[in-house]
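Below is one structure, written out as structure tokens, with a few remarks after it.
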Amino acid sequence: MESEQLFHRGYYRNSYNSITSASSDEELLDGAGVIMDFQTSEDDNLLDGDASIGTHYTMTNGGNINSSTHLLDLLDEPIPGVGTYDDFHTIDWVREKCKDRERHRRINSKKKESAWEMIKSLYDAWSGWLVVTLTGLASGALAGLIDIAADWMTDLKEGICLSALWFNHEQCCWGSNETTFEERDKCPQWKTWAELIIGQAEGPGSYIMNYIMYIFWALSFAFLAVSLVKVFAPYACGSGIPEIKTILSGFIIRGYLGKWTLMIKTITLVLAVASGLSLGKEGPLVHVACCCGNIFSYLFPKYSTNEAKKREVLSAASAAGVSVAFGAPIGGVLFSLEEVSYYFPLKTLWRSFFAALVAAFVLRSINPFGNSRLVLFYVEYHTPWYLFELLPFILLGVFGGLWGAFFIRANIAWCRRRKSTKFGKYPVLEVIIVAAITAVIAFPNPYTRLNTSELIKELFTDCGPLESSSLCDYRNDMNASKIVDDIPDRPAGTGVYSAIWQLCLALIFKIIMTVFTFGIKVPSGLFIPSMAIGAIAGRIVGIAVEQLAYYHHDWFIFKEWCEVGADCITPGLYAMVGAAACLGGVTRMTVSLVVIVFELTGGLEYIVPLMAAVMTSKWVGDAFGREGIYEAHIRLNGYPFLDAKEEFTHTTLAADVMRPRRSDPPLAVLTQDNMTVEDIENLINETSYNGFPVIMSKESQRLVGFALRRDLTIAIESARKKQEGIVGSSRVCFAQHTPSLPAESPRPLKLRSILDMSPFTVTDHTPMEIVVDIFRKLGLRQCLVTHNGIVLGIITKKNILEHLEQLKQHVEPLAPPWHYNKKRYPPSYGPDGKPRPRLHNVQLKPIAEEREETEEEVHLLNSTTL
């Protein structure tokens, strides 16, 4: 009987109306944990979750609407622009997922109506696979093009191939019959600049001319790269991974993944690598792949109109980027899962795997390195590792962790100084200076003059009879009949000791220049420079251990394995382990890094040394700070990114973080049927908030829903253009039905279709640990704070980030006392049973309300560094 009375009054049991119209606090439901599915128009926002049996309700308006009120009925079609986002705003993951479910239900309900609808349903189902296929094809093709062009332009600094101008140094000498084994890089077809200009191949004059031309080409490439970035695509600078992580977390950066950024990044990446700067192309290739994924997603409505679905494509694209950067498809998938993705469902894992597969297949078909491999430095070792070698491997891990901690602090300090001084206002000058210093110092040392990828290849390579590098200049005591794959340890010759000194100088040079290079206004990756530093250190340690085992093979640690004439130590393996350790120390990657390295080198047998070194580097690095380089740059640039790896261990409550504060202006809210169009427009013009809570009335401030600023603006502008009778004095109604209005009153505007009737709410005593967890796992933009159903304030992602930063600086507020509720929040009703009057029609009490802030006040800094 009671339920019948409620039904005839216009309410349905457990519906939203019964919640907001409850006459006592006991009848209120806490909407923060309730999942409901309201069967309303398409524009109504649904919560992320399927309604269970018994919770799918139809909302009725409780009777017929009087035609004299000229009420605007619910729109059959969505208002154009509603549900979209401005630049530098965060998407609403909950709403986007609900929109996708509604689209999917609509397509499934129509697919049996006709053959055309069935075809459309199949197209929608396969569009995800099509977009990742196109992304993989484009990523592989662009990566092959970048590799070929970068190799050619790198060799252009030293000379040119007269027989075929498009050949690099190695390709030029492939068909030469005059090439000798000892001087395999010299052939008549390849001419150095000294030979072309002054006609001398040897001597001081030749050296000086080649030195000058090397510097000239390095400065030319660097200047052209930074000029193109500055003029056409400022977003093309840096590696892009910090921004990619922020975008995948839900942040909008218009143009960062656009066609101009893709084109300029591809061109300038070749120029930056060829200039000889201490940077790599692997990180920017992830940005290039994500640009491809973003562009192709606009071909499919399923992804072009839904920001959350688009980010699934970007996750797959990042996997394809790492796949072509390192030739590591599995490592690319794990990199996307571990390092960059914020939301990674199972179907995204499959599509990421497929995109990485397609990209690797295309790159293998292009064969940019001419070795039938996906990478330049593919190596195979023929000697197993021994248990005593774990000690030097762990020491390399310690070095990698120390290097990572030093680099992060030094690079962030330099980037912060760049932003705060006049030096940052002249990015072109900075790039020219860094390029000039790099070229001047790099040319005399053969290991710094080499392309960084070629340097890593030489450091990884094991010494054999066919190797002519000075690193393999051992005194040959073995019998000439020894087989190639079982060369014993030998005493080092003068060439090895000379190479060690040059490698030590190269190590110092790389450490210093990488700190100042990462963050300049050209495409710059960090993977290859970090791996080069670790490979240099590892090769030095490997040679030292090898010589120690040779001269002291009777020591107890060597006695069992290192007999006289045995092949015991592989220095190239130490270089590989050191490279993984240093890269892990900088990025704090673990699983994906180990997989990338063993795919990169083919060293499947050496997973245990890699794991030991990588974990050691992470532990040592975490001892100085848990942030990796990408998280540090995200924080430096002020992006609204909540890192899921951080733990919240403090005891603060939602009331300590919510806005407004005591000294701030009142919380700006809307009433469901008491405001006019002019009132809302004035509120929008006077504030910069992202959205406004909607309450029932001045007297009863029960929460009705949440309206976004952008949706309000678009809906009002659309109503003024398309509907007659909408003026400034028109009543705005967010309720399902409007109160009776005089016949002469202007036509009211009904905006229930843009109202989020189920915003996430928490009480003022909810621990912040839970609030932070909700924001991370659901990707919320904001969360309302209530007390007994009355709106007290709002918490946005920016508020949480500010709170976390304060806690890091040890300014955590004390936990409120047990009588906190009674002191700050008086009862909602007076002794006479009537609601207490509220000030400014939105306030419980000024002391309990604080100014609303949103993450949209976070602006992208002009000097973006990656």
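Every residue gets a Cβ built from N, Cα and C, even glycine.
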Exercise. With TrEMBL as the source, which of 532-553, 774-795 is set down as transmembrane segment?
Worked result: 532-553
Problem set entry | Interface check, the transmembrane segment (257-277) with the transmembrane segment (532-553), three or more C-beta pairs under 8 A | no
Seminar exercise, completed: Maximum Cβ pairs under 8 Å to the transmembrane segment (211-236) among 313-337, 428-447, 499-520, 532-553, 573-598 is reached by 428-447
Seminar exercise, completed: Averaging the pLDDT values of the domain 'CBS' (658-722) gives 86
Seminar exercise, completed: Checking 126-146, 499-520, 532-553, 573-598 against the transmembrane segment (386-408) for Cβ pairs under 8 Å, the most are found for 573-598
For this session: Check the transmembrane segment (532-553) against each of 126-146, 313-337, 499-520, 573-598 and return whichever range has the most CB pairs under 8 Å.
Result: 573-598
Problem set entry | Selection from 126-146, 313-337, 499-520, the stretch that has most Cβ pairs under 8 A to the transmembrane segment (573-598) | 313-337
Problem set entry | Remote residues contacting the transmembrane segment (313-337) - C-beta distance under 8 A, at least 6 residues beyond either end | 128, 131-132, 135-136, 139-140, 143-144, 244, 247-248, 257, 281-283, 285-290, 292-294, 296-297, 303, 343-344, 348-349, 351-360, 362-363, 373-375, 378, 527, 589, 591-593, 595-597, 599-600
Exercise. Near the transmembrane segment (126-146), which same-chain residues lie under 8 Å Cβ to Cβ, leaving out any that are not at least 6 residues past its ends?
Worked result: 266, 269-270, 281, 285, 288-289, 292-293, 296-297, 299-300, 302-303, 312-313, 316-317, 320-321, 323-325, 347, 351-352, 354-363, 365-366, 368
